[in-house]
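> Sending over a structure as structure tokens; questions will come in a sec.
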Protein chains: 2
Amino acid sequence: MPTVTTDFNDRTIEYEQLLNDFKSLLKKNSLKFTIQREVILETLYNSDEHLTPESLHHLIQEKFPDLKTGIATVYRTLSLLEDSNMVTSLSFGAQGKKYELGAKNHHDHLICTECGNITEFVDEQIETRQHHIADELGFKMLDHSMQIYGICETCQQK
Amino acid sequence: MPTVTTDFNDRTIEYEQLLNDFKSLLKKNSLKFTIQREVILETLYNSDEHLTPESLHHLIQEKFPDLKTGIATVYRTLSLLEDSNMVTSLSFGAQGKKYELGAKNHHDHLICTECGNITEFVDEQIETRQHHIADELGFKMLDHSMQIYGICETCQQK
DNA sequence: CTTCTTGCAAACGCTTTGCACCGTT
DNA sequence: AACGGTGCAAAGCGTTTGCAAGAAG
């Protein structure tokens, strides 16, 4: 073994925590831990992209062709994960949703209207204000999402 | 004529401006001004709700049953209005979009996850930060939307 | 009279569901 | 053994489109 790669270790530990959370969640609800469910979680974890159910399905078919995972299972698992707040989604009208693991740090999104790419950001001032606003208006805040739409640097140069 | 009702006058003037904008838009693109298009704009204007294409269609069928406006026309007109930035939409995954006139003052949304109702708000601090963020990340900002999800006062009491 | 618009119905694309078989517990 | 999960194909549902008839310019 070469010298320890902290990055890799961090990722590994993070993933195992995630996997354990998932297993606990399943147990708590008398649901079963299956290979398909694990592969979906793992693929989400290893992707830096925001994935559509379809693109997630494709990734899984490429990496684990033997499993023959059906798209229905991908949808069912994503719903399960979203209901338990392990993943979050962004909506795109009739074009569906894109999903990402919610275990990552919270962040908001800059979406390029030309190429569809998504850049993440966090701004503490905005986070703080959101809590103030919900309080003022009598809402019990559960979640929030913010998207800035525009043209990214790359597309501006075209 | 009775004494002037400023509220009514404001609304009327506002609507006529809107209608003129719409007519200009159509003319500029060699499109035609039809009764259906006018009725869609008017119904959007007279609604305080965020409307789905379906609910907008229902409203129109109730108020103008003789027109027999088809849902396809509602969709086509909403797309037209959205493309020209006269209306804005909120996405709800596969459940579609809700539309509102964009001519109103800009605002963000508090969405109740229990009853689905939408409360509007504006916060200048957040508006300002959004511009800063887009600038910092090299985005040419075109638009943005922010939603806070939570449980509204009414639903908390249930 | 030309061109755009409309309503209708069919097509579409993403998502959900019913079912028989299979895997986990 | 019992119970939930899976893949498949069909159904669902909101949205879009092709087309012939109709209205606007």
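From the backbone N, Cα and C atoms, a Cβ is placed for every residue, glycine too.
A TrEMBL annotation is a machine prediction, not a hand-curated record.
Okay, these came from TrEMBL:
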{"type": "BINDING", "residues": "B:HIS106, B:ASP108, B:GLU127, B:HIS144", "note": "Fe cation binding site"}
{"type": "BINDING", "residues": "B:CYS112, B:CYS115, B:CYS152, B:CYS155", "note": "Zn(2+) binding site"}
> Fill in the CA-CA distance, B:ASP108 (Fe cation binding site) to B:CYS155 (Zn(2+) binding site), as an integer in Å.
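Spelling it out, the Cα of B:ASP108 (Fe cation binding site) and the Cα of B:CYS155 (Zn(2+) binding site) are 20 Å apart.
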> Reported as an integer number of Å, what is the Cα distance between B:CYS155 (Zn(2+) binding site) and B:GLU127 (Fe cation binding site)?
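It is 29 Å, counting Cα to Cα.
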> What count of other C-beta atoms do you get within 10 angstroms of the C-beta of B:HIS144 (Fe cation binding site), across all chains shown?
22
> Can you give me the same-chain residues 6 or more apart in sequence from B:CYS115 (Zn(2+) binding site) with a CB-CB distance under 8 Å?
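Counting only residues 6 or more apart in sequence, the Cβ neighbours of B:CYS115 (Zn(2+) binding site) under 8 Å are B:CYS152, B:THR154, B:CYS155.
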> Given the recorded Zn(2+) site (B:CYS112, B:CYS115, B:CYS152, B:CYS155), which additional residues of the same chain have their Cβ within 8 Å of the Cβ centre, ordered by sequence?
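Here the nearby residues are B:THR113, B:GLU114, B:GLY116, B:ASN117, B:ILE151, B:GLU153, B:THR154, B:GLN156.
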> To test your reading of the Fe cation site: which residues beyond B:HIS106, B:ASP108, B:GLU127, B:HIS144, same chain only, put their Cβ within 8 Å of the Cβ centroid of those residues?
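Output for this site, in sequence order: B:HIS107, B:VAL122, B:ILE126, B:GLN130, B:SER145, B:MET146.
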> My understanding is the cutoff is Cβ-Cβ under 8 Å with a sequence separation of 6 or more in the same chain; which residues meet that for B:HIS106 (Fe cation binding site)?
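Counting only residues 6 or more apart in sequence, the Cβ neighbours of B:HIS106 (Fe cation binding site) under 8 Å are B:VAL122, B:GLU127.
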> Where among the binding-site residues B:ASP108, B:GLU127 do you find the Cβ with the fewest other Cβ atoms within 10 Å?
B:GLU127
> Give me the Cα-Cα distance between B:HIS144 (Fe cation binding site) and B:CYS112 (Zn(2+) binding site), rounded to a whole Å.
20
> For B:CYS112 (Zn(2+) binding site), which residues in the same chain are close in space, meaning a Cβ under 8 Å from its Cβ, but six or more apart along the sequence?
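Correct list: B:ILE118, B:THR119, B:GLY150, B:ILE151, B:CYS152, B:CYS155.
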> What is the number of other Cβ atoms found within 10 Å of the Cβ of B:CYS155 (Zn(2+) binding site)?
16
> Would you mind listing, in sequence order, any of the binding-site residues B:HIS106, B:CYS115, B:GLU127, B:CYS155 that have a CB less than 8 A from a CB of chain A?
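Of B:HIS106, B:CYS115, B:GLU127, B:CYS155, none lie near chain A.
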> Is B:GLU127 (Fe cation binding site) helix, strand or coil when read with DSSP?
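Assignment for B:GLU127 (Fe cation binding site) reads helix.
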> Among all the protein chains here, how many other CB atoms are within 10 A of the CB of B:CYS152 (Zn(2+) binding site)?
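Excluding its own Cβ, B:CYS152 (Zn(2+) binding site) sees 21 Cβ atoms within 10 Å.
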